[in-house]
Amino acid sequence: MRKIVHVDMDAFYASVEQRDDPGLRGKPVVVAWRGARSVVCAASYEARTFGIRSAMPAVRAERLCPNAIFVPPDFVRYKAVSRQVREIFHRHTDLVEPLSLDEAYLDVTQAKTGMQLATEIAQLIRTQIREETELTASAGIAPNKFLAKIASDWRKPDGQFVIAPSRIDAFLLPLKVNRIPGVGKVMDGKLAALGIVTVADLRLRPLEELQAHFGSFGQSLYRRARGIDERPVEPDQDVQSVSSEDTFSEDLALDALDTHILRLAEKTWLATRRTERIGRTVVLKLKTSNFRILTRSCTPEQPPVSQEALAQIALALTRRVELPAQTRYRLVGVGLSGFSNVEEGAVQGQLFGEIPQAE
């Protein structure tokens with residue numbers, strides 16, 4: 001039986017800002033650029049009490065909390081702290097799979113330290129993070145990645161939760177299906193329309209029925225309802241692509257997608273900055289109302305050097321969609337692929353918006 005730990009830093013970007021500026025502590029902090037098309041990168045727990053969440057439009061966050069303190073993101077600083085945290089992970093196991101700067105899976109089945117109890121390993125990791133970075137992290141401990149990720153949310157912030165193999169059914173069955181990763185508002189609504197509200201409801205449905213309604217995702221739902229997840233922890237995978245998607249509550253015409261594409265381009269650009277790598281190929285993904293998936297891509301001579309350039313290329317790709325004008329779309333996505341490392345110096349400054357200081 002594997003021992004998997006999912007570690008998730010608490011309000012990471014906002015917590016770094018509060019750590020480094022004592023004047024921000026105890027106040028609603030929103031990490032975001034101001035602007036009509038900006039989205040929230042992170043919100044402190046004080047800001048979350050007003051309903052502010054990551055990926056929310058910044059203008060909405062400002063309406064929810066007019067007194068919120070907006071801080072522009074500093075990904076160079078966040079990356080440096082992330083390296084500190086990752087070094088702590090590697091003291092315990094080489095099987096570390098980063099998901100982003102602020103979370104990772106660890107397989108501690110055979111920990112380097114010789115410690116046997118995954119709960120004790122997780123506690124020690126969280127203690128080391130607190131002592132060495134002055135930040136807090138939460139952890140979930142379980143026999144697989146799916147369960148560990150759910151568990152890490154259970155005692156946030158600054159806590160941990162274990163799902164023992166003997167307790168999987170007792171934990172899973174009462175859960176609302178929207179706690180399953182990948183089940184968002186739209187999917188939750190579709191499941192509810194079928195009378196599926198809890199994981200217990202989901203488990204009663206045969207695989208064939210779920211596949212008929214949800215295609216390949218139906219198989220994933222079937223397995224997750226049984227707590228099954230055989231995916232291994234894959235150490236330090238290089239990023240091959242970054243993308244953001246929106247699924248709509250109502251199907252939209254192609255010409256109604258522009259505002260969504262602009263917002264998704266910003267989310268994708270922010271995610272790309274976190275990797276400190278260059279994506280050369282722009283990808284537009286569409287799903288029609290009858291679940292047909294289309295992708296269009298473009299690899300310009302020079303990679304997009306700004307969020308605006310990425311957005312313009314993605315918008316241009318909509319003109320390469322050759323479907324009847326009456327076609328309606330239920331999903332749009334914007335992505336970057338074909339990654340390479342950012343050059344040091346001037347190129348990095350050009351790509352990631354750093355303005356050289358006059359000497």
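Just so you know, glycine gets a Cβ as well, placed from its N, Cα and C.
Taken from Swiss-Prot as is:
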DOMAIN    4-184  domain 'UmuC'
BINDING   Asp8, Asp102  Mg(2+) binding site
SITE      Tyr13  site 'Substrate discrimination'
ACT_SITE  Glu103  active site
Margin query: Quiz question: given the recorded positions Asp102, Glu103, which has the greatest number of C-beta atoms lying within 10 angstroms of its own C-beta?
Written below: Asp102
Next item on the list: Across the whole of the domain 'UmuC' (4-184), what does the mean pLDDT come to? Round it, please.
Entry: 95
